[in-house]
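Undergrad: Can you read through this structure? Questions will come right after.
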């Protein structure tokens with residue numbers, strides 16, 4: 001019984017951490033980067049509460065940079 005409780009507690013803590021981490025990624029600003037590639041990406045715009053398309057240059061980005069609209073919406077719950 002004690003072991004089951006401990007496993008449940010660890011799982012809950014892990015999911016909470018992942019949710020908090022994803023939430024902080026979604027609050028990061030859009031970063032185009034200094035490079036000159038042309039990648040169509042999506043970021044979560046915290047002001048509008050929506051995932052929006054932008055052009056990523058290919059380097060020095062951050063976590064708020066998703067290859068698909070679906071991925072952006074799944075992580076940021078938009």
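Heads up, the Cβ atoms here are built off N, Cα and C, so glycines get one too.
Feature annotation from Swiss-Prot assigns disulfide bond to 26-76, 35-59, 51-72. Positions annotated as domain 'BPTI/Kunitz inhibitor' by Swiss-Prot, on the basis of sequence analysis: 26-76. Here Swiss-Prot flags 1-22 as signal peptide, drawing on experimental evidence. Residues or ranges marked as site 'May bind to TRPV1 subunit B' by Swiss-Prot on the basis of a curator's inference: 23, 28, 60. Annotation comment: Swiss-Prot describes 53 as site 'May bind to TRPV1 subunit D', evidence class a curator's inference. Annotated site 'Important for modulatory effect on TRPV1' per Swiss-Prot: 70, in sequence order, evidence recorded as a curator's inference.
Have a look at these and tell me how they're positioned relative to everything else.
TA: DSSP assigns residue 59 (disulfide bond) to coil, not to a helix or a strand. In sequence order, 33, 34, 35, 37 are the residues of the chain that are 6 or more apart from residue 59 (disulfide bond) and have a CB within less than 8 Å of its CB.
Under the DSSP three-state reduction, residue 72 (disulfide bond) is assigned to helix.
Here the domain 'BPTI/Kunitz inhibitor' (26-76) returns a mean pLDDT of 98 for the predicted model.
The DSSP secondary structure for residue 23 (site 'May bind to TRPV1 subunit B') is helix.
Contacts of residue 28 (site 'May bind to TRPV1 subunit B') defined by a Cβ separation under 8 A and a same-chain sequence distance of 6+ are given as 62, 63, 64, in order along the sequence. DSSP gives residue 28 (site 'May bind to TRPV1 subunit B') a coil state; it is part of no helix or strand.
The number of other CB atoms found within 10 A of the CB of residue 53 (site 'May bind to TRPV1 subunit D'), across every protein chain shown, is 10.
Non-local neighbourhood of residue 60 (site 'May bind to TRPV1 subunit B'): 31, 33, 34, 35, each in the same chain, at least six residues away, with C-beta under 8 Å from its C-beta.
Shown in sequence order, the list is empty: the chain has no residue 6+ apart in sequence with a C-beta less than 8 angstroms from the C-beta of residue 70 (site 'Important for modulatory effect on TRPV1').
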Undergrad: Report, as a single number, how many Cβ atoms besides its own are within 10 Å of the Cβ of residue 23 (site 'May bind to TRPV1 subunit B').
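TA: Result for residue 23 (site 'May bind to TRPV1 subunit B'): 13 other Cβ atoms within 10 Å.
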Undergrad: Measure from the CA atom of residue 76 (disulfide bond) to the CA atom of residue 23 (site 'May bind to TRPV1 subunit B') and give the result in Å, rounded to a whole number.
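TA: So the Cα of residue 76 (disulfide bond) lies 6 Å away from that of residue 23 (site 'May bind to TRPV1 subunit B').
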Undergrad: Select the most exposed residue of 35, 51, where exposure means the fewest other Cβ atoms within 10 Å, treating these as the disulfide-bonded residues.
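TA: Lowest Cβ count within 10 Å among the disulfide-bonded residues (35, 51) is 35.
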Undergrad: Compute the C-alpha separation of residue 72 (disulfide bond) from residue 26 (disulfide bond), stating it in Å without decimals.
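TA: Taking the Cα atoms only, residue 72 (disulfide bond) lies 9 Å from residue 26 (disulfide bond).
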Undergrad: Long-range same-chain neighbours of residue 26 (disulfide bond), Cβ under 8 Å, sequence gap at least 6?
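TA: Looking at Cβ-Cβ distances below 8 Å from residue 26 (disulfide bond), excluding near sequence neighbours, one finds 44, 46, 64, 75, 76.
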